[in-house]
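Asker: Quick paste of what Swiss-Prot says about this protein:
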type	residues	note
TRANSMEM	17-37	transmembrane segment
TRANSMEM	59-79	transmembrane segment
TRANSMEM	94-114	transmembrane segment
TRANSMEM	129-149	transmembrane segment
TRANSMEM	204-224	transmembrane segment
TRANSMEM	230-250	transmembrane segment
TRANSMEM	265-285	transmembrane segment
Amino acid sequence: MLIHPQFDPVALHLGPLAIRWYGLMYLAAFIMFLWFGRLRTRQPHIAAEGWTGRDLDDMLFYGVLGVILGGRLGYVLFYKPDWYFAHPLDIFKVWEGGMAFHGGFLGVVVAMMLYARMRGRSWMQVTDFIAPMVPCGLAAGRLGNFINGELWGRVSSPNLPWSMMFPQAQGEDREWLLSHAQEAVTSGLQAVFDQYHMLPRHPSQIYQFLGEGVLFFILLWLYARKPRPMGAVSGAFLLGYGVFRFAAEFAREPDNFLGLLAANLSMGQWLSLPMILIGIAMLVWSYRRAGNGEKNQAHA
């Protein structure tokens, strides 16, 4: 078993200014977007569509606005609507935390639709272009979660070699022991808690960093290197992220104020299901549309 090292959330101090690790992760995500975006503009089928570095800069600006506004509103509406409707001014306290990926995703979609309209492009053409770079941002975000010691995983077996104890989760650990008293004794978890005053948990932030971040980036980047029908790369992103996130949620601790919902699924899983279905539908539509186009050309 491992113990979370409890990193200082502040990476460095510049006079009165505190630079936090999580902020640096956002910066890393933006830099990787520009770096891999420029590599993508050099791919022949992408260059043929006229993408330039200027487009990347503009899309990053709109994307940042979409992530921040959508992520915050998504958290407010999906996770704690009762609280924020009763305390509306707290919506603006973003420094206290509270961002939702699914909300940020919708925010980016809206931002890219506006950008596409301004540039006279199809919004699917825009989302197909940016989709392969998005997992880089996901990886950076999950690494930031791990450094902050937040969004930890569910209680795991003490025999799991990479299980990790999170000092910040001690309150949730006690709640788990109260509701699983018999299981805690038979599994040896009570003995672990008696010794360390913490319970071993899945380091789900690392699972998500490796899954929906690193592995998903590699797979989607390789898929998008070749010309694909319009909408296919966007559909592959929705399907892939939805599957990775749905699977990771089985190891991630549900939000304390929500718990598990219908069918013992978490909010993250319920929000991922539509992404999976829409992703499949987009892939089917995309390839059928491309196939029909080839048939029409053959009969012309």
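Quick reminder: no glycine exception, Cβ is built from N, Cα and C everywhere.
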Asker: Under an 8 Å Cβ to Cβ limit, what residues of the same chain, 6 or more beyond the ends of the transmembrane segment (17-37), are close to it?
Answerer: 7, 9-11, 56-57, 59-60, 63-64, 130, 132-133, 136-137, 140-141, 143-144, 147-148, 221
Asker: Taking the transmembrane segment (230-250) as reference, which of 59-79, 204-224, 265-285 has the most Cβ pairs under 8 angstroms?
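Answerer: Answer, by Cβ pair count: 265-285.
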Asker: Do any residues of this chain, six or more beyond the ends of the transmembrane segment (265-285), have a C-beta under 8 angstroms from a C-beta of it, and if so which?
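Answerer: 78-79, 102, 105, 231-232, 234-243, 245-246, 249, 252, 254-255, 258.
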Asker: Six or more residues out from either end of the transmembrane segment (129-149), which same-chain residues have a Cβ under 8 Å from its Cβ atoms?
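Answerer: Counting only partners 6 or more residues beyond its ends, the transmembrane segment (129-149) has Cβ contacts under 8 Å with 4, 6-7, 9, 21-22, 24-26, 28-30, 32-33, 36-37, 40, 46, 49, 51, 59, 63, 101, 112, 166-168, 203, 205-206, 208-209, 212-214, 216-217, 220-221, 223-224, 233-234, 236-237, 241.
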Asker: Please report, as numbers and ranges, the same-chain residues at least 6 past the borders of the transmembrane segment (59-79) whose CB is under 8 Å from any CB of it.
Answerer: 30, 33-34, 37, 91, 94, 98-112, 114-115, 126, 130, 255, 257-258, 267, 271
